[in-house]
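A.B. asks: Pasting in a structure now, in structure tokens, and then I'll have a few things to ask.
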Amino acid sequence: MVKAVAVLSSSEGVSGTIFFSQEAEGAPTTVTGDLSGLKPGPHGFHVHALGDTTNGCMSTGPHYNPHGKDHGAPDDEHRHAGDLGNVTVGEDGTAKFTIVDKQIPLIGAQSIIGRAVVVHADPDDLGKGGHELSKTTGNAGGRVACGIIGLQG
């Protein structure tokens, strides 16, 4: 069992903690999270390529995409590995969620440890919105909070 954690923060008052666990190599990764300080509704949620927050969330690079695919929904065959869809925020500005995904391993050459997780301002259109950004970012808007995924003991 490998575990990881990302503590999210932002200059806009958004905060949260995201936990990751993977039982064994080849097994899916379970992601559980708690977020607060967001506007109600769906928000794009992605693993980005870089664990660099020297310029806030802007320096985390593009969505993690080791196979060079177009942006898509979490259940699409062709998608960025880091495309985790949306998290839904309640009227109180908080979200609690669990995601199980096979494309974001903690073990092996394509591990997401050391990369960043990012919450976006707007809903992810899952690559199906017809906007010029749909196939690259899901047209999910600005980056409102992020954290580096680190190994947990």
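We number each residue from 1, going along the chain as drawn.
Cβ atoms are placed via backbone N, Cα and C, with glycine included.
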A.B. asks: Can you pick which of HIS78, HIS120 Swiss-Prot lists for the same Cu cation site as HIS46, HIS48, HIS63?
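C.D. replies: Swiss-Prot names HIS120 for this Cu cation site.
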A.B. asks: Excluding HIS63, HIS71, HIS80, ASP83 themselves, which residues in that chain have a Cβ inside 8 Å of the centre of the Cβ atoms defining the Zn(2+) site?
C.D. replies: HIS46, TYR64, ASN65, LYS69, ASP70, GLY72, ARG79, ALA81, GLY82, GLY127, THR136, THR137, GLY138
A.B. asks: Name them in sequence order: residues not among HIS46, HIS48, HIS63, HIS120 whose Cβ is within 8 Å of the mean position of the Cβ atoms defining the Cu cation site.
C.D. replies: GLY44, PHE45, VAL47, THR60, PRO62, TYR64, GLY82, ASP83, VAL117, VAL118, THR137, ALA140, ARG143
A.B. asks: Could you tell me which of these binding-site residues, HIS46, HIS48, has the greatest number of Cβ atoms within 10 Å of its own Cβ?
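C.D. replies: Per the Cβ count, the most surrounded site is HIS46.
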A.B. asks: Would you mind sorting out which of CYS57, HIS120, CYS146 (the recorded positions) have a C-alpha within 10 A of the one on ASP83 (Zn(2+) binding site)?
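C.D. replies: Taking CYS57, HIS120, CYS146 one by one, none has a Cα falling within 10 Å of ASP83 (Zn(2+) binding site).
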